[in-house]
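S.K.: Look at TrEMBL and you will find 1-10, 575-590 tagged as compositional bias 'Basic and acidic residues'. Among the features that TrEMBL reports, region 'Disordered' is placed at 1-21, 575-598. If you look up TrEMBL, you'll see 30-213 marked as domain 'DH'. Summarising the annotation, TrEMBL assigns domain 'BAR' to 254-452. Residues annotated as domain 'SH3' in TrEMBL: 506-569, 602-665.
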Amino acid sequence: MAEHGTDEPSSRTGSPDGEGQVLEDRSLLHQRLAVRELIDTEVSYLHMLQLCASDIRSRLQQLPQGDLDVLFSNIDDVIEVNNRFLHDLQETESREEEQVHLIGNLFLKFQEELEQVYKVYCASYDQALLLVEAYRKEPELQRQIQGIIETVVPQAGPSGLSFLLVIPLQRITKYPLLLQKILENTVPDASAYPVLQRAASALQDVNTNINEYKRRKEVASKYTKVEQLTLRERLARLNTHTLSKKTTRLSQLLKQEAGLVPKTEDKEFDDLEERFHWVSLCVTEMKNNMAVYLDNLEAFLRFRPQEYDLDIPGGPVVQYCSLMRELQLQAFPQFKQRLEGLVWQPLCSLAKALAGPQNLIKKRLDKLLDFERVEEKLLEAGSVTYEEQEARHTYQALNSLLVAELPQLNQLAMHWLGQILCTFVGLQRDLAKHVLQRAEGSLAQLPHSHISEPAFRKLVEDTLGQTGHQLRSFRKNLDKVLPPPATQPLLPGAERQVQALLSRYGPEKLYQVTSNISGAGTLDLTLPRGQIVALLQNKDTKGNSSRWLVDTGGHRGYVPAGKLELYRVTPSQEEVRGQEWPHKDSRHLTPEPTPAPVSSVPVVTQVVAVYPFVARSSHEVSLQAGQLVTVLEAQDKKGNPEWSLVEVNGQRGYVPSSFLARAPSPAPWGWSLPS
């Protein structure tokens, strides 16, 4: 009885220990199964990625390379990271006792790399799906793609490409679940438990960051599109909602400028934006300079003096012509082709790549105004609508994306620009080397080839000095024998305009256009030969003295300074400043003496049509450029000098006065040409 009583307590105290041991063994078994699932699924996953990158991608040759880049994105980077991750994961199997601890540390080690490669892949996933949907609308192409995928991966089924493309997304979201499963089967007081906790939390953060990055990219892609819309298309997009938003932003901006509300300051972004602005300015300036360089190169290639008969027999001229023909056929065209391919095209691509970020920075300002308004309302009312909350999140996403990526973009753009400059210098060096090699044989035959370099330099300087002296002497003699330049005749109908400019600016500011000017830029003027203008400033906003700011009496803009000459005002014009002429036309009326009475028959004048004109009614008459025209009346019936009554080939009618110019014939009595 005593022995039985002794055994009973022992049995009761051992039973909980046995149950605990069973539970611990069961947890350990489940933990090992979870670890095995992690490793086995990682092997299968990596094998599937390699099939996509090698077999499937290489067989989809019927798709453009651009489509393949979107579909498979950075899958090679994903494979590289996961391959190293799997290798380290399999090495933990040799250390079974601390395997779980090592797995936790392994995930923490690869946390940043996994986030970097998977966020890029996930951000391009939606675009890949759009391509897949586009392929489904082409039955023949879809059948070919499906056949390739079923051959390589039979388990893909009818989903095809969609099944393969979503695999990396599923894998990165499954890592926290696999770690959580291992953690649930780990004893809380085990040394691996806190490490696994940190690893599970870290992988959860990775997924959160990937989702946030994907959302930012979606917002950015919406606003980086640069659309070339006509005025009608812009007006068609206007609606009540758009006008309301623009009005609210303008109101917010005006309140900030007036100091009624504070303005959000972000020095970090402002510094990045300023640097980006300078990078963009450098790219634009270099592109403009390169365009001018290519134009000059094209003009140089068109100029071929070696093809003309210089009437200089033998000697260096023949050698020069032979060398230039050879260079014009090979060296210079090859240089131009390389310049366009290696410098111009990359430069245009860089400028195009910066257009999207520029648009995004502009859109950020709009969203900042929305954000500030919502923040004010949130402080005052304590709540905002769903739409206002979305506007707030949109600004935060745009700002975070720009702050995160503008440094890399600035650095990449500067590196790209530096490479283009180095390439340009290299092409110049290659051209010089090529020309010297081609000219080596010809140089040996020149009369001064035996002279040393210092002596040759002195010879060139002496020759240039002597030639320059001769040229200056010739110019002085030429100036003595040449008559002073004559002022161009005024355009018909320009008398009133000249008088207005004369009274406003004075004679010392008046210039006349010596040849036709075609404006190329937005602020450039297009003016005909003979137009009178007033000088406002003898340089442009960049300090360029070859572009002058002028006033035509109706428009202001820039013209080349080389196409202007000082207008010499005739005494008759000086006398009539501030007076009203009874006849308003383009000719100078001389003060009439008191002649004998003349008949009232209108005075006729022979002029030339400067531009062609097509009659639009029976009251008008058509003209051809260069046609002789007889002016019957220098105004219409209402006295408007902008229209003249003329006779052409026996037909009478009205034509614009500005289309006519004085013919080189003696002027009738009562009219005088500018001296």
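Glycine is no exception: its Cβ is also placed from the backbone N, Cα and C atoms.
What you see is a predicted model, and the numbers here were worked out from it, not measured in a lab.
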S.K.: Taking the domain 'SH3' (602-665) alone, what is its mean pLDDT?
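M.R.: In the predicted model, the domain 'SH3' (602-665) has a mean pLDDT of 81.
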S.K.: Please list, for the domain 'SH3' (602-665), how many residues fall into helix, strand and coil according to DSSP.
M.R.: 3 helix, 29 strand, 32 coil
S.K.: Which numbers of helix, strand and coil residues does DSSP report for the domain 'SH3' (506-569)?
M.R.: 6 helix, 26 strand, 32 coil
